[in-house]
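Undergrad: The structure's right below; bear with me while I get my questions together.
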């Protein structure tokens with residue numbers, strides 16, 4: 001009796017409540033540590049993937065040239081890569097929504113492994129083009145964005161997504177520099193071997209560390225009834241209020257930068273006369289490039305500083321707003337569509353870039369950037385519908 005009365009007394013209830021509160025607090029603390037570790041692993045996977053990707057970007061034009069491809073053929077190679085990623089981005093996003101982040105990131109890393117494997121044995125033009133095929137599912141950056149979106153509160157999301165810009169910069173700096181040095185000293189295929197080993201490591205990291213699913217099962221059931229390849233479901237997310245406007249701003253503002261980035265390797269060889277190592281060093285300094293009124297490499301480097309800042313800030317802000325503007329069950333599809341922006345540029349960019357370069361010179365890329373962004377600036381100032389970052393329900 002005394003035991004039961006003790007349990008029912010105010011002191012007993014208060015003690016039980018305190019123990020429950022402490023247990024809940026410890027559980028939350030452990031959960032926060034776990035989420036923090038998962039996010040760090042996502043950052044690591046992105047950094048490694050981008051490092052290896054930019055290693056091959058730096059040597060790709062030299063490999064293509066050694067196999068007999070001219071600038072037109074290299075443009076076709078770039079277009080093939082762009083089309084595959086353009087098609088695969090939204091599908092990858094839907095795949096992440098339906099099967100979880102672990103499955104999506106593992107698919108991306110495994111595809112990267114196949115990509116580098118084929119690239120490492122590309123001793124002919126047909127195999128070189130075949131090596132582009134696995135890139136349809138190589139979407140480590142949107143995969144990591146999906147992990148971070150699911151594991152962070154809306155108020156913390158912009159800061160967490162912004163750190164991916166740091167990962168992007170590290171990948172460009174290390175990858176571009178190492179690609180030129182390694183290919184020059186040890187052979188043009190050695191960076192591909194590094195990419196293959198690193199991608200396999202990323203695959204293991206994804207399987208071991210990334211939780212799946214990150215959302216409650218009740219949320220995943222809402223998307224299980226439709227196919228990953230359902231185009232109508234993919235495009236449906238653009239119909240939420242404000243989404244299309246923000247998405248178009250993202251596309252238009254990034255197009256001139258992406259256009260020149262596609263042409264960078266060719267311009268480095270033909271306009272500046274750089275070798276693979278020098279091209280890698282230059283690429284590692286700025287990553288995202290522009291050339292308004294430039295005549296030397298030093299002009300190049302000065303102009304890029306504010307451009308990189310603006311590009312990264314704009315990308316982070318738009319991605320954060322777009323993921324908040326759609327339901328949590330559609331964040332993967334939204335990020336997949338966002339991931340198709342750069343592939344879209346790579347698809348139409350080579351043809352347009354060659355025309356601009358041949359007909360109007362290097363400075364035409366800078367003028368295009370000025371015209372597009374000045375127009376967007378005026379539009380956003382006069383826009384009556386402000387860009388809100390409220391979460392859609």
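A Cβ is built for glycine as well, from the same backbone N, Cα and C atoms used for every other residue.
Residues or ranges marked as domain 'Major facilitator superfamily (MFS) profile' by TrEMBL: 35-393. Look at TrEMBL and you will find 1-26 tagged as region 'Disordered'. Marked as transmembrane segment by TrEMBL: 40-63, 75-93, 105-129, 160-181, 188-210, 257-277, 297-317, 360-381.
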Undergrad: Pairs 6 or more apart in sequence, C-beta under 8 angstroms, 3 or more of them: is that satisfied by the transmembrane segment (105-129) and the transmembrane segment (360-381)?
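TA: Checked: the transmembrane segment (105-129) vs the transmembrane segment (360-381), no contact.
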Undergrad: Let me spell it out: take the transmembrane segment (75-93), skip the flanking residues so only those 6+ beyond its ends count, and list any with a Cβ under 8 Å from a Cβ in it.
TA: 60, 64, 69, 104, 107-108, 128-129, 132-133, 135-139, 142-143, 146, 228-229, 234, 262, 332-340, 342-351, 353-354
Undergrad: Ranking 40-63, 160-181, 360-381 by Cβ pairs under 8 Å to the transmembrane segment (188-210), which is first?
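TA: Between the candidates 40-63, 160-181, 360-381, the best contact partner of the transmembrane segment (188-210) is 40-63.
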Undergrad: Could you tell me the mean pLDDT the prediction assigns to the domain 'Major facilitator superfamily (MFS) profile' (35-393)?
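TA: Mean model confidence (pLDDT) across the domain 'Major facilitator superfamily (MFS) profile' (35-393) is 80.
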